[in-house]
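Colleague: Right, I'll just put the structure down here and ask away after.
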Amino acid sequence: MELENYEQPVVLREDNLRRRRRMKPRSAAGSLSSMELIPIEFVLPTSQRISKTPETALLHVAGHGNVEQMKAQVWLRALETSVAAEFYHRLGPDQFLLLYQKKGQWYEIYDRYQVVQTLDCLHYWKLMHKSPGQIHVVQRHVPSEETLAFQKQLTSLIGYDVTDISNVHDDELEFTRRRLVTPRMAEVAGRDAKLYAMHPWVTSKPLPDYLSKKIANNCIFIVIHRGTTSQTIKVSADDTPGTILQSFFTKMAKKKSLMNISESQSEQDFVLRVCGRDEYLVGETPLKNFQWVRQCLKNGDEIHLVLDTPPDPALDEVRKEEWPLVDDCTGVTGYHEQLTIHGKDHESVFTVSLWDCDRKFRVKIRGIDIPVLPRNTDLTVFVEANIQHGQQVLCQRRTSPKPFAEEVLWNVWLEFGIKIKDLPKGALLNLQIYCCKTPSLSSKASAETPGSESKGKAQLLYYVNLLLIDHRFLLRHGDYVLHMWQISGKAEEQGSFNADKLTSATNPDKENSMSISILLDNYCHPIALPKHRPTPDPEGDRVRAEMPNQLRKQLEAIIATDPLNPLTAEDKELLWHFRYESLKHPKAYPKLFSSVKWGQQEIVAKTYQLLARREIWDQSALDVGLTMQLLDCNFSDENVRAIAVQKLESLEDDDVLHYLLQLVQAVKFEPYHDSALARFLLKRGLRNKRIGHFLFWFLRSEIAQSRHYQQRFAVILEAYLRGCGTAMLQDFTQQVHVIEMLQKVTIDIKSLSAEKYDVSSQVISQLKQKLESLQNSNLPESFRVPYDPGLKAGTLVIEKCKVMASKKKPLWLEFKCADPTVLSNETIGIIFKHGDDLRQDMLILQILRIMESIWETESLDLCLLPYGCISTGDKIGMIEIVKDATTIAQIQQSTVGNTGAFKDEVLNHWLKEKCPIEEKFQAAVERFVYSCAGYCVATFVLGIGDRHNDNIMISETGNLFHIDFGHILGNYKSFLGINKERVPFVLTPDFLFVMGSSGKKTSPHFQKFQDVCVRAYLALRHHTNLLIILFSMMLMTGMPQLTSKEDIEYIRDALTVGKSEEDAKKYFLDQIEVCRDKGWTVQFNWFLHLVLGIKQGEKHSA
């Protein structure tokens, strides 16, 4: 594309220069003067001839200059004075690092554009009364073969090469890699090596009443194993593992030989581990607070522990860092007083404050270039340019329409209605290409508002974003050719559009993508966004004192609304005017910060004054839903997001796991790669292996599926992998290797059976051959199960493996348990899927776990069974096979064939067969009642559809559970244009029969079912906002069933927001009656499901 030459750069007017020369320099209180010359001693890489000591150069460096200029000054001095001047002629400054020492650590002065007076070393030297400070000039080292091999291993684990900078228009990726070294090293240095090696899974939440009742006299029996011997001991639920070991060794003092314990060994040499699992009970936590113990109590299982030697912490050794540290001042600019041009001679100006730039922001749209034109060439195109902050569009302009061709040139300046000084950090220049059949727009560049009618029926084709203020706080300038993202026609990809359109990454497919050429104003000097200095807000007390009663009530009503309730312009004005009153109510924070006009620098400054006075927020109890709201796509300001992350610091590990899925998604809404949230995830992953395990898979899955955020997730994952330790790296390598091999087998098997549902004997034979070949060659001896890191799978049990009768041909795989201390011969069953996106199933299963935790606070155990499920790549994943469970369809068919769907007594008879002892049968019925109630409430609130007898299962102990969550939030399936879902949830006559109820007759079990349903439903209503927020944060992940706020409205309606408790109770009881009245319609659907020949196999979540 031929582009015209750019006009002369913007220059400062002579009268302004003269005026500034007359003004005296000013300095910020307590900071270096912007005009100050700073003495620094530089230790050079060359040595003196006689003494052989390093040469030094004492320079007086301008505080307002940048690091690059300081480096050039050093080079000039070295060229003039060094005895090895030829060395400095031969090598340039870019081949050297600037290092300084702080508290025994070497730090690199990394950012070449950083203003000298903002360097951390200056503040450190001042604190230490050291003048002049010393900076070492050190030659960059060439990476060793070992380093390159390690980076190659990391690239394989990440699934993306973070060293490839071919698709970046700045150095943010490398900049972030370096910035994350410091928090990583701090976390690794501070973690307890022994606890990290054993990663106990604990909680500090009180034991629910229903579990307390299962502990008689606060005592628990545990079985301790050693070799082939075991010993049962009685302990207190409040005992710590250390106390239990001490008691056990006292009891076994004369019987050590029976347990294969030498006389010299004591309790100090052992730890307690769960039999068959990599799950340790260590630390000062009471026994009742270990999650595994609670799980055993809940399921009525015995607690079996093995007396084991602790793992060697050396196995978690972290590879030594080859990079010097960079401090947190890297990339930070000075205050406005330091950067301002006012009071400086123009020869002394090196960096200019953004707040001095009073002109309006503009961009020159040069043109677009597309490799292949669309089929319909009778089109016109135009460019729409928005400046936006989060979801808030600050201003908009667009070009005139022109005929669509391979090359379209405009060469037109678009001037925005926002001044450069008002551009907030995180502001995006959003460029979008629209096309329409007829030129419905004015031929001149216009300034329409978003959504204006003049856009007519224009269709969005391409988009790309550019951060206007980069990761160094510097205003972008000059030429850019940006490769754009195409709007996908695939429904599953359209769901992620709202998140994707926030990315600042460009399309890596440069050869086949649309490119747009733009020009931003050039300047004589870098333009830097200054740091905000906290100052008092004179309006604060006056505004607070003036609030009338009526407006106070109005404000409280706005604050009380749920997150889906849109704020009117009047609401926003009221919230902002009475911002200091709003500050008293933590629930107001998301609404208050949504009311900020981020395109006005004065307003932003006042917002930071508010944030400085957030004592009530800091002291308030953690409300996860509220805090997560501040991390959604509506907030781009790093300070607002930082107070949310700060609040999350108090989350215990188990809760971090609960919300990890959303927290990883929230990283997409950060404007920059390095953020408080990214550091929080990194820190918690490095602190706890269980969190680290899931963080690895959640990030890796996103890297594989989200091209728009590959770089961001990759740089966080690399930072984690560099600090997780050798043992974790080996585990991940094994897991990735297994998945890659199984993926290849699945693809081969699918190619043999095409898209058919049935599975031929030839296909089964081929599978067994391929698995045997795998077992004999490349399959690791053991690997950690991705959805359950406590389990290690061993060799395949090939005779039990099969191809499932489903369109995508998932593999039913069974492995031996690799842990020799496992007590049973049960295999580890895994369904390996290729071709389905499991992220929606993961979300529903995660929400079910959160519902469980909500119900636990009400002392309700609804026996949910959120089985293991994890996405491990692009439409690849694993699902846990629940043991001793079968589908309702199989039970019905095995008895009387397809008509079993109409036989009310079939399920009850099957349960009696499995539990022939009356006591066990009654316990199974009780479990059935509670689990049925739990899934009725959960599936109703989440709008889970397409419920049939092949995706509802039951265990041999009466635990009902649902699988396959392809239709959620009321997006129900239809058959021949008719909605199949005629009931709010599944409560069929055969379910009622198990409860002793039929027709309209009641029973004690049915009454209990109703009571439990109502309690569970009302408990969820108290957490409506949390559920709404969790789904809102997943809106932009690409799930076809979760694409708009209208989808989430379903939850609000299902939970009857706005109704009284009594009305809500009546509403849910009415839903139960609807199910009883129309249960026959469900049975008829189930009958059709069987008759139409939909294959069952041993289908589970397939």
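Heads up, the Cβ atoms here are built off N, Cα and C, so glycines get one too.
Okay, so Swiss-Prot annotates it like this:
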BINDING   829-838, 864-872, 961-969  ATP binding site
DOMAIN    34-141  domain 'PI3K-ABD'
DOMAIN    217-309  domain 'PI3K-RBD'
DOMAIN    357-521  domain 'C2 PI3K-type'
DOMAIN    541-723  domain 'PIK helical'
DOMAIN    797-1080  domain 'PI3K/PI4K catalytic'
MOD_RES   Thr1024  phosphothreonine
MOD_RES   Ser1101  phosphoserine
REGION    962-988  region 'Activation loop'
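What does the local environment look like for each feature on the list?
Modeller: If you take the C-beta of Gly966 (ATP binding site) and look for same-chain residues 6 or more apart in sequence within under 8 angstroms, you find Gln840, Asp946, Gln1041.
Taking the domain 'PI3K-RBD' (217-309) as a whole, pLDDT averages 94 in the prediction.
Sequence-distant contacts of Thr1024 (phosphothreonine), defined by Cβ-Cβ distance under 8 angstroms and a gap of at least six in the same chain, are Asp562, Ile1051, Arg1052, Leu1055, Val1057.
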Colleague: Just to be sure I understand the packing, how many Cβ atoms besides its own are within 10 Å of the Cβ of Lys833 (ATP binding site)?
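Modeller: The answer is 27.
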Colleague: Using Cβ distances below 8 Å and needing 3 or more such pairs, separated by at least 6 in sequence, tell me whether the domain 'PI3K/PI4K catalytic' (797-1080) contacts the domain 'PI3K-ABD' (34-141).
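Modeller: Since fewer than 3 Cβ pairs under 8 Å link them, the domain 'PI3K/PI4K catalytic' (797-1080) and the domain 'PI3K-ABD' (34-141) do not come into contact.
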Colleague: Do you know the DSSP helix, strand and coil residue counts for the domain 'PI3K-RBD' (217-309)?
Modeller: 32 helix, 29 strand, 32 coil
Colleague: Enumerate same-chain residues with a sequence separation of six or more from Ile870 (ATP binding site) and a Cβ-Cβ distance below 8 A; give 'none' if the list is empty.
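Modeller: For Ile870 (ATP binding site), the qualifying residues are Trp697, Ser701, Pro786, Tyr787, Leu838, Met842, Gly877, Met878.
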Colleague: Would you count the other CB atoms within 10 A of the CB of Gly829 (ATP binding site), including those on all shown protein chains?
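Modeller: A 10 Å sphere around the Cβ of Gly829 (ATP binding site) contains 20 other Cβ atoms.
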Colleague: DSSP-wise, what's the residue breakdown of the domain 'PI3K-ABD' (34-141) into helix, strand and coil?
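Modeller: Across the domain 'PI3K-ABD' (34-141), the residues distribute as 35 helix, 40 strand, 33 coil.
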Colleague: Under DSSP, is Thr1024 (phosphothreonine) helix, strand or coil?
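Modeller: The three-state answer is helix.
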Colleague: How many neighbouring Cβ atoms, not counting its own, are there within 10 Å of the Cβ of Asp837 (ATP binding site)?
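Modeller: That number is 22.
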